[in-house]
Amino acid sequence: MHRTITALCLILSFALPGCSGSSSSSGSQSDSAATGGAEPKWTIAMSQCNLGEPWRAQMNADLKRAAAEHPEIRLVFNNAENDTLKQRSQIEEFVSAGVDLIMVCPKEAQPLTEPIAKAYRSGIPVVVIDRQVLGDDFTTFIGADNVAIGREAGRWIASHAKPDARIVELKGLMTSVPAQDRHAGFREGLGDVGEVIFEADMQWLEPQARKEMDSALARFDEIDVVFAHNDPGAHGAYLAAKAAGRAEGMLFVGIDALSHEGIAYVNQGLLDATFEYPTGGTVAIETALKILAGEEVPKNIELGTSTHAQAKYEDE
Amino acid sequence: MPDQSPHKLVATAKAVLLSPVGRAVLALGLVLLVGVAFNADGAFFKTGTHRDALRQMSVYGMLACGMTLVITTGGIDLAVGSVLALVAVCSATMAIHWEWSAWLVVPLSVLIGAACGLGSGVVTAWLRVQPFIATLAMMVFARGLAKQLAGGMKVSTAVPQADGTYQYVDVPSLYRAIDARLLGGHVSTVTLVFLACAAVAYLVLSRHRLGREFYAIGGNAEAARLSGVPVVRSTVWAYVLSGALAGVAGLCQASQEQQGDPEAGAGYELTAIAMVVIGGTSLMGGRGGMGLTLLGVLTIGYLDKILSINAVPSATRLMLTGVIIVAAVLTQKRGRY
């Protein structure tokens, strides 16, 4: 009896982390965009690598919204729950189900290149979003460029801060490619304006960012600009500076511009600016429609960023 | 001091240094010395640095208080980090979205934490599942529930409306009060909350019948049972208290972030365990105390702060922390087993 319960708990504890998504635990949810009785002509299957990150939930929401305007397509969402092999079998299932188009946000490049290539070679168009795969056996790649976004943020700070500004950079997890790219782009865009006096890895986490900012505040009496690799980081830094009574006159800049995070913080007057890391949801649907209509699409579609700054910067 | 021979003084000093408290004080002293040596251009000597260090270790400290009670019974509570997140999400929903009064939010937050602890405790003590497994199950369950309730995003002051737009509300006064400073700005409220939690844990462990039963169960559960200790009931109490303290920690976490983050507190349980162990409380149960845990919290908390003000790269930080934990535990261990 005792042993059975132990075994049961073991099974439970390992089955549960899988359900990390915010949506149904089955990991699959169908969203028929059909309206007014029109039968959808095409089925698009989407495999999202995980829904634990708010940004990915936002991408699915954007896709859903864009697809809702086109009754001729039916969009089916799948959540790979951060499991490479699960994502691989999802792509294989799409092929055997004979869907008309596959969208995939690969969890990682190497192990998913082969399944995606197989699907593509079987004649199903594949739209790869956000993360690259190797080779070129896919129809098109849609993604944003973190170097370009970091550069844009650097330039904005260079033009809004004083030339000898003392800057704190709160970096994302530096073993991750987005953090490395944002860092490189930022330094490039900043040019020779200001001096980065304190940099720390806050691992994309808000409490960590607040802690590091506390240290920066303790160590330096003058800080003019805080640049964080994501908006929660910039928000944590703002809270630290505010608690120290030093937020006034300090610039706070973040990246991502999710509507309930970065944009909300800018609208509430906490952050000065945030730079959108676009999900590409709308572009993906538009591109998919072109492919289904038989049009040529570019192999690589780069998404631009947009700046969301407080209203006071608009006339400049 | 009445005239003591040097020999006697040395013997006394030796006895103090070899006691668990002496060793824990020694470990803390060594970490503080590192801070004096690497003071980051004098940042270590500013009062604000210490106030912030004490604030930052407070949430971990609250978890460590509960962990001490559970570890004394010979158990372990891996669920505290997830329970923290669950309570953070629930309290943010109640305080920010529903604008409930603090008189409701605070007790309900503690109750939610305690309910999770009750779950772990019943599965451990009554259904006799090993604490490691039972609390591991609660850890993933509470994390899942937190994500479910939060709907995959943070519960913040940007409240989603039915039409997809956001309405911005003020940070609740409860959150502002917990994140404020008292005593002329020299002490953060969360630090005082932590000290209150530590006092409660101390009273339970050292001044209450329940504490004596925890030690008895941790020492030898069978012997405790035979001498009339209600083993099941007392063990459940240890987990309930640990859950309640994790609830307090969740409320403090949400107040400091001004939001309920379903991902908060991941890995905090391991820091809490490290704090308890570095203080000198035995993972085997039956030995240790709250005073030791307090020293452990200060040691790890200050180590973290010193590495942070010196802007030590994170890879080096992790390695140094690992080395120092082993070193501190080794000095604790010598001659005791």
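Numbers run from 1 along the shown chain.
Positions of Cβ are set from backbone N, Cα and C atoms, glycine also.
Here the structure is a predicted model, which means the values were calculated and not measured.
Taken from TrEMBL, the feature transmembrane segment covers B:21-40, B:60-90, B:102-123, B:182-205, B:236-254, B:266-286, B:306-330.
Between the transmembrane segment (B:182-205) and the transmembrane segment (B:60-90), three or more CB pairs separated by 6 or more residues in sequence fall under 8 Å, so the two stretches touch.
If one looks beyond the transmembrane segment (B:266-286) by at least 6 residues along the same chain, the residues whose Cβ comes under 8 Å of a Cβ in the stretch are 20-21, 23-24, 27, 59-61, 63-64, 66-68, 71-82, 84-85, 139, 143, 215-220, 292-297, 299-301, 325, 328-329, 332, 336. Counting C-beta pairs under 8 angstroms (sequence separation of 6 or more), the transmembrane segment (B:60-90) reaches the transmembrane segment (B:102-123) with 3 or more such pairs.
Distant neighbours of the transmembrane segment (B:236-254): 58-59, 62-63, 65-67, 69-70, 72-73, 75, 77, 79-81, 83-92, 95, 105-106, 109-118, 120-122, 124-126, 135, 175, 178, 190, 193, 197, 200-201, 204, 210, 214, 260-261, 264-265; these residues of the same chain sit at least 6 beyond its ends, with a Cβ under 8 Å from one of its Cβ atoms. Sequence-remote contacts of a segment are chain residues at least 6 beyond its ends whose Cβ falls under 8 Å from one of its Cβ atoms, and for the transmembrane segment (B:102-123) they are 66, 77, 79, 83, 86-87, 90-91, 94-95, 129, 131, 134-135, 137-138, 141-142, 172-174, 177, 235-248, 250-251.
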